[in-house]
Amino acid sequence: MEAESPASAGASEPRALGTVDSIGSQLSRIRRKLFTWDILKTIALGQMLSLCICGTAITSQYLAEKYRVNTPMLQSFINYCLLFLVYTLMLAFQSGSDNLLEILRRKWWKYTLLGLADVEANYLIVRAYQYTTLTSVQLLDCFGIPVLMALSWFILRARYKVIHFIAVFVCLLGVGTMVGADILAGREDNSGSDVLIGDILVLLGASLYAVSNVCEEYIVKKLSRQEFLGMVGLFGTIISGIQLLIVEYKDIARIQWDWKIALLFVAFALCMFCLYSFMPLVIKVTSATSVNLGILTADLYSLFFGLFLFEYKFSGLYILSFTVIMVGFILYCSTPTRTVEPPESSVPPVTSIGIDNLGLKLEESGLPETHSAVL
């Protein structure tokens, strides 16, 4: 075996150092792209929404398991009433085209359909638990994400890159890990009374959520957050109130009211109200799709709280699932999607995710935000 000459050894050393420097610069570039202040802020906002959803799940489960109270429509009705009292009345005192009566005159039927989609999405998902399994609900509820992306493509004219589809796949892989952890931990102990009906309810509910979220993104970016919440509060109160009298009046009559049950209802309503109030703000600076990816962690937060409140069994797969979902969420937020305008429009294309969307740029520059005249 021949010994390496000093000349060749000296030549290989700079090449090795160059390779190390190249790898280091690549890692540094990736780190700067993935861990910017704006992406970290987006992550924090998404997890704030997840905690709101976690609060609604914990209070609902506590009502169901400890007090045998199963009234999802009543709980939703209280939330819609709060939205009505705050945002609908706010619209009533607006002037011009933003006034409540003017909005109703021009677009009442559109907001009726939006309110119906939002109310029934909430109701169908909760009702599905009576028929199918926890695993089915967790997995099939993710069906709303591809539906949301498809609706965003055609309605909002969002254009995705390969990295976005990879990120969504990674997030769904994290959900699969969470479901596997549930099965191993023994939480999947309910076979369901009619799995097919339950699965159909989940798919319908997830699809209606997607419709509601796309409409929400359009309205908060083109019109205003107050208009969306005010109209959802108005029509949600009417629709859920009617449905409440039809499907839950017997369940409500059987409730043995005390201060603990009342406190749980108040806690649920506050969590739901915060979720509805903050979600448009987050969607405005990101997108409906990124928000839905971020709140996939809500079930995991509920599981972590359930370790103490409901004596769930812990599994290391929950930590792995949380990590995988967050990796997918960061990947999605790292690259902005592109929004194409109709051919006849002279408006330049804008991005619709992260810090690059038009709404946030207007906020940062201090310019007034333009409002579209149509929904």
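Placed from the backbone N, Cα and C atoms, the Cβ positions cover glycine too.
What you see is a predicted model, and the numbers here were worked out from it, not measured in a lab.
When Ser22, Ser97, Ser352 are looked up in Swiss-Prot, the one carrying the note phosphoserine is Ser22; the rest have no such note there, which does not rule it out for them. Considering Ser28, Ser191, Ser365, the record held by Swiss-Prot lists Ser28, annotated as phosphoserine. Note on Ser8, Ser25, Ser345: Swiss-Prot annotates phosphoserine at Ser25; no matching annotation appears for the rest, which is not proof of its absence. 136-156 is the stretch from 39-59, 108-126, 136-156, 263-283, 290-310 with the greatest number of Cβ pairs below 8 Å to the transmembrane segment (165-185). Beyond its flanks by at least six residues, the transmembrane segment (136-156) meets 125, 128-129, 168, 171-172, 175-176, 178-179, 182, 192, 195, 198-199, 202-203, 205-207, 209-211, 213-214, 217-218, 287-289, 292-293, 296, 299, 339, 352 of its own chain at Cβ-Cβ distances under 8 Å.
Sequence-distant neighbours of the transmembrane segment (227-247) (same chain, 6+ residues past either end, Cβ-Cβ under 8 Å): 73-74, 76-77, 79-88, 90-91, 98, 100, 103, 107, 111-112, 114-116, 118-119, 123, 215-216, 219-220, 276-277, 280.
Away from its own ends, the transmembrane segment (290-310) comes close to residues 42-43, 45-47, 49-51, 53-54, 57-58, 61-62, 65, 138, 142, 144-145, 148, 167-168, 171, 174-175, 178, 182, 213, 279, 282-283, 318, 321-322, 325-326, 328-329, 332-333, 353-354 of its chain (Cβ-Cβ under 8 Å, at least six residues beyond either end). At the 8 Å Cβ cutoff, the transmembrane segment (39-59) and the transmembrane segment (314-334) share at least 3 close pairs (sequence separation 6 or more) and count as touching. Long-range Cβ contacts of the transmembrane segment (195-215) within its own chain (Cβ-Cβ under 8 Å, at least 6 residues beyond either end) map to 114, 117-118, 120-125, 127-133, 136-137, 140-145, 147-148, 151-152, 155-156, 228, 283, 288, 291-292.
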